[in-house]
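Right, one structure below, let's go through it.
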2 protein chains.
Amino acid sequence: MRQAIALSAGVLFLTNPNPRVGCVIVKDGQVVASGATQAVGGPHAEVMALRQAQERGVDVAGSTVYVTLEPCSHFGRTPPCVDALVAARPARVVIAMSDPNPLVSGRGVARLRAAGIDVSVPVCADEALELNPGFVARMTRKTPWVWVKSAASLDGQTALANGVSQWITGPQARADGHHWRARSCVVLTGLGTVLADDPQLTVREVDTRRQPVRAVVDTHFQVPETARLFDGGRVLVFTCMVNHDKAQRLADRGVQVVVLPERDGHVDLMAVMQWLGANEFNEVHVEAGARLHGTLLQADLVDELLVYFAPMVLGPGQGMFALPGLSVLGGVQRYDFLAPVTIGPDLRVRARRADRWARLLAAVSTDLSGGHVVPAL
Amino acid sequence: MRQAIALSAGVLFLTNPNPRVGCVIVKDGQVVASGATQAVGGPHAEVMALRQAQERGVDVAGSTVYVTLEPCSHFGRTPPCVDALVAARPARVVIAMSDPNPLVSGRGVARLRAAGIDVSVPVCADEALELNPGFVARMTRKTPWVWVKSAASLDGQTALANGVSQWITGPQARADGHHWRARSCVVLTGLGTVLADDPQLTVREVDTRRQPVRAVVDTHFQVPETARLFDGGRVLVFTCMVNHDKAQRLADRGVQVVVLPERDGHVDLMAVMQWLGANEFNEVHVEAGARLHGTLLQADLVDELLVYFAPMVLGPGQGMFALPGLSVLGGVQRYDFLAPVTIGPDLRVRARRADRWARLLAAVSTDLSGGHVVPAL
């Protein structure tokens, strides 16, 4: 299963909005074929592995198939994988995560079992979920998995008071940040960042065949048409107002203007996430200023923090999150720290909402096998 | 050598102001005896190991002795270890660090070599230095090794704006903080912390036979005589003014009032460090508020930062370091991050001044063996 999970990690930048899935076929103690889901519209992992077996002249009958997600049982962009598996007659299928969609969860397993195939599920669900939190979030709660990326000094300053920030963290941390952009479906920023830094928000520091969509939260539709963000590729502008001429000019350049309700003087960010979920965006990489970061935190829309700390102390400057002051510690949201690592001279810290992760894990750990259960927590 | 270093780590809380030293004697491929330096006035590591060999009836002649610091060649509180070694006639002595005192560095090695003993030095100096940065700093630059301990939210807040801070980090992080108190020679705080929190600053969460001295920086000698700090054990008050009656009353309770020059309106902190160095304090554990932490940073007196981050975001509150704002990034002091670890739900980050560490390492890596050199950087 770990090999199947590694294969799914190999298509981390590729399969969106489909889940990243890996599949390994073992016969007589040997790996005889393997595969991973391809770009959208292309074959899924099971089909890739079965095709490889066929090319190699291996009969899959009697084998054990390891797959990181319950095989699909419906016609989507491709025919159901479960049909291909049933036709291949493996003796056993081992599945990391059950299908997170409550409407179809268990159907793939039931079809396999009805064909006389032994099924074990869930197996290593926690590790497999690391590759697909966005897909599982979208299927279960209808909104994407959202992380906020920030880079700061050890005392939490993203820039000096005068705005100087290039470069607090080093090139290795920036490249790692591009890895997180590359795996996301959409890189989201705020108007303030566009005006201050005019970023491209494209993936440049890691190799990828797919660029994520870029998006800007721009309550009053003030984004300059000259922004580098609009230099090609799909871009979304979330706004509460619309200037039809400007929207038309931008639309001609591949920019979609999405008008959403206002809330507390800015675009309703929950509406942004619901729109993204409804439009098949799995993972949202937020890379903005303290204001948007703080507003997302206050709206309780952040699942994970991705913070790069530079080994320096700056003193008063610009913080990571603009928030109102608290008077008690009681209601503070707590995160789980994931294994911290140094990246070049910098430190990368991931902090994840434990409650939300547990909910995703529960959604993919349905006991469908009458035995092999991975506990949800 | 790693076993000898581990033995020195076993007396981390004990030997101050002497260095922590470990010694392992190997004969015919077997460890035949070992030892570590005892509390001040007690035997050093080499003598402990030689005694154990004697008790076990092992003849050390022809053996290899591993020791984490160059054996002393002078009469201090105990007779010179080098005499005991020469008398025991090992074939070879392997030494992690040369003596950091430039006046005696190499004398122990020369005495051993003159007795026909083969000597290798330095070996694993970097790892051995981890156990004794304070001793090496005091010997080479006449001031202690200073770390600042802080506990904060992920956005660098040590408390809410109203001062609420109990408890941002958890009990495991607090216990780890006591480990760092326990290894220090002195726990240093500021008057502000005494007035705000009335801390004891004793070691309670880890086992130790030695309590570090506690000290407060109190420019105008305003510390209340009722402070819990004065509830027993040796305490230092660094001040610029003295009220002789108050000083006498405190002296009767084991408190030493040290009058030092003023600088920029507060006790000259370099003078504090020089006084501590001259009085055999190796490691200073600073646990104070943003003001003293910031003043120490500005005075360039901090060798290491020890920060516990709690997995939460607090928004505006009290920062870790009170510093003036910068306008350029150029002159910012850079640190090296040491391996970060999670401790319970919290994250411990150590950041060390690379330039200063390199200087200490160079001081104990003198090539005395005509070959086996560990490069200083």
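Using the three backbone atoms N, Cα and C, a Cβ is placed for every residue, glycine included.
If you check TrEMBL, you get these features:
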- A:1-120: domain 'CMP/dCMP-type deaminase' (DOMAIN)
- A:His44, A:Cys72, A:Cys81: Zn(2+) binding site (BINDING)
- A:Glu46: active site, proton donor (ACT_SITE)
- A:Ala151, A:Thr193, A:Asp197, A:Thr219: NADP(+) binding site (BINDING)
- A:Ser165, A:Trp167, A:Arg181, A:Leu201, A:Arg204, A:Glu287: substrate binding site (BINDING)
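If you measure from the Cα atom of A:Thr219 (NADP(+) binding site) to that of A:Cys72 (Zn(2+) binding site), you get 40 Å. Of the recorded residues, A:His44 (Zn(2+) binding site) and A:Thr193 (NADP(+) binding site) place their C-alpha atoms 38 Å from one another. Restricting the recorded positions A:Glu46, A:Cys72, A:Cys81, A:Arg181, A:Leu201 to those with a CA within 10 Å of the CA of A:Ala151 (NADP(+) binding site) leaves an empty set.
For A:Cys72 (Zn(2+) binding site), the nearest of the binding-site residues by C-alpha distance turns out to be A:Arg204; the candidates were A:Ser165, A:Thr193, A:Asp197, A:Arg204. With A:Thr193 (NADP(+) binding site) as the anchor, the candidate binding-site residues are A:Ser165, A:Arg181, A:Arg204, and the one with the nearest CA is A:Ser165.
Taking Cα separation as the measure, A:Cys81 (Zn(2+) binding site) is nearest to A:Arg204 of the binding-site residues A:Trp167, A:Asp197, A:Arg204. Taking the Cα of A:Asp197 (NADP(+) binding site) as the reference point, the closest of the recorded positions A:Glu46, A:Ser165, A:Trp167, A:Arg204 is A:Ser165. Between the candidate binding-site residues, A:Cys72, A:Cys81, the densest Cβ environment within 10 Å is the one around A:Cys81.
Following the DSSP three-state reduction, the secondary structure of A:His44 (Zn(2+) binding site) is coil.
Maximum intra-site Cα distance, NADP(+) binding residues A:Ala151, A:Thr193, A:Asp197, A:Thr219: 25 Å. Fewest Cβ neighbours within 10 Å among the binding-site residues A:Ala151, A:Leu201: this applies to A:Ala151. The Cβ of A:Arg204 has fewer other Cβ atoms within 10 Å than any other of the binding-site residues A:His44, A:Arg181, A:Arg204. In the predicted structure, the domain 'CMP/dCMP-type deaminase' (A:1-120) carries a mean pLDDT of 93. Note on the domain 'CMP/dCMP-type deaminase' (A:1-120): DSSP counts are 35 helix, 28 strand, 57 coil. When each of the recorded positions A:Glu46, A:Asp197, A:Glu287 is scored by how many other Cβ atoms sit within 10 Å of its Cβ, A:Asp197 comes out lowest. If you take the Cα of A:Arg181 (substrate binding site) and the Cα of A:Glu46 (active site, proton donor), they are about 27 angstrom apart, rounded to a whole number. Counting every protein chain shown, the Cβ of A:Ser165 (substrate binding site) has 20 other Cβ atoms within 10 Å.
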